[in-house]
Amino acid sequence: MNKMLYIKTYGCQMNVYDSNRMVDLLETQGYNIVANMADASVIILNTCHIREKASEKMYSELGRIKKLQQSRLKAGKSKAKIIVAGCVGQAEGEEIFIREPAVNIIVGPQSYYNLPTMLEKLDSGTENHLIDLDFVEAAKFNKLPEVLKSPTVSGLVSVQEGCDKFCTFCVVPYTRGAEFSRPLEQVYREVLNIAQQGAKEVVLVGQNVSAYHGKDENGKECSLADLIKYVAKIDKIKRIRYITSHPNDMTDQLLSLHATEEKLMPFLHLPVQSGSNKILKLMNRRHTRERYLEIIQQLRELRPDIVISSDIIVGFPGEDDEDFEATLSLAKEAKFGQCYSFKYSQRPGTPAAVKQQISEEVKQHRLSILQAQLMLQQLECNQKLIGKVVPVLFDRDGKYDGQIIGKTPYMQSVCIMNEKDNNLYGKIVNVKILSASASSLFGEVCPNS
């Protein structure tokens, strides 16, 4: 039987991790990953539900897959099996079958470990539509294959899932469930596995990773700082990052680690969402503008070169011009080197969705102003490295022939022209930065690096 797998991933790094694990899981069942959807016998869309456009993208993709199915039939091939995984599957469930009957399987982010069994049922011909949206704590990690089969230079490892914060704009507590942390040793073994396969960097991921509270072998609860220090003992891991954090869970222990653990990179993604205390309260963020800036100041005192990244939502219900100005001023005061900014998107079932909404025109206007400011800030951050030598971990090819791209410790992309006899992939080498744009740095490898 032709077992060819194509997977398309939407959304956050947690989804990227889940997609990698689905590949690991199905490779044990004899599936081979393919780059072209037309060659696949199984197509997985691993979906995101954070914004409305994300779920609509999935339905648009399903429309394209239906046309592809028709072409397969005309060519004498059987239809591919279609799987909707991830947060849209969890949130919309059987409604997806109603809206798009061509879908065969729906699985949530906690239940995809059952895919082999579900695919067997489809193959037997006894079922055509299957769904599994169970929230069974820890079941996923206990039943997935432990050894990863996808060597990467920078590996994602999920350490914590779910969220208990219930921000009024967010669907994560409803699609990913309550906060759950993996045991310390289980995480360590997974990081060790990817290190043995060539990973130089590990990114510890979670919906609220700073709330990590996994237990060690003696049943003692451990913090994210404890986990980072433990993972840092793995010699082959040279760089450690973590994402995404909540300001309320940034403990003094974790903040101090940025000054003492040399493998912990001088970069932190810490979403603020708004600079207005009024809006932060409406969002149920449980922190103030002042507390957020206090954390940033503390980090810079501990690690002066740290680059701060963030998320900001504009046009949240109730946001007026004064609130928006407060957001602009916070972004400037925090000196964000990177920032992801979005228009507020109503998500069904969340408290903010039923409030009086701000017009699309106003939201777009505010977003344009904010993004222009953030672009300048990012350019200024990048330009500070011109003329300096920085260690770069090369992890991917560029879009031009001979170009290779890597990351600085500060999470900036660095582009260089790679000599054919100089294989830089997977290496950390010193690069002199020659120029910068808002999105990238450009440089050359230092001699004898």
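Using N, Cα and C of the backbone, Cβ positions are placed for all residues, glycine too.
Listed in Swiss-Prot for this protein:
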- 3-124: domain 'MTTase N-terminal' (DOMAIN)
- CYS12, CYS48, CYS87: [4Fe-4S] cluster 1 binding site (BINDING)
- 149-380: domain 'Radical SAM core' (DOMAIN)
- CYS163, CYS167, CYS170: [4Fe-4S] cluster 2 binding site (BINDING)
- 383-447: domain 'TRAM' (DOMAIN)
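Where Swiss-Prot records a feature, it is marked here on the structure.
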residue	record	Cβ neighbours (10 Å)
CYS12	[4Fe-4S] cluster 1 binding site	18
CYS48	[4Fe-4S] cluster 1 binding site	21
CYS87	[4Fe-4S] cluster 1 binding site	27
CYS163	[4Fe-4S] cluster 2 binding site	23
CYS167	[4Fe-4S] cluster 2 binding site	22
CYS170	[4Fe-4S] cluster 2 binding site	22
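Excluding CYS12, CYS48, CYS87, which define the [4Fe-4S] cluster 1 site, the same chain contributes TYR10, GLY11, MET14, ASN15, THR47, HIS49, ILE50, ALA54, GLY86, THR175 within 8 Å (Cβ to the Cβ centroid), listed in sequence order. One way to see the shell of the [4Fe-4S] cluster 2 site is to take the Cβ centroid of CYS163, CYS167, CYS170; the remaining same-chain residues with a Cβ within 8 Å of it are LYS165, PHE166, PHE169, VAL171, VAL172, PRO173, GLN207. Model confidence over the domain 'TRAM' (383-447) is summarised by a mean pLDDT of 92.
When Cα-Cα distances from CYS48 ([4Fe-4S] cluster 1 binding site) are compared across the binding-site residues CYS163, CYS167, CYS170, the shortest belongs to CYS170.
Calculated from their C-alpha atoms, the gap between CYS170 ([4Fe-4S] cluster 2 binding site) and CYS12 ([4Fe-4S] cluster 1 binding site) amounts to 14 Å. With DSSP classes pooled into helix, strand and coil, the tally for the domain 'TRAM' (383-447) is 1 helix, 34 strand, 30 coil.
Residue counts for the domain 'MTTase N-terminal' (3-124) under DSSP, helix first, then strand, then coil, are 65 helix, 23 strand, 34 coil.
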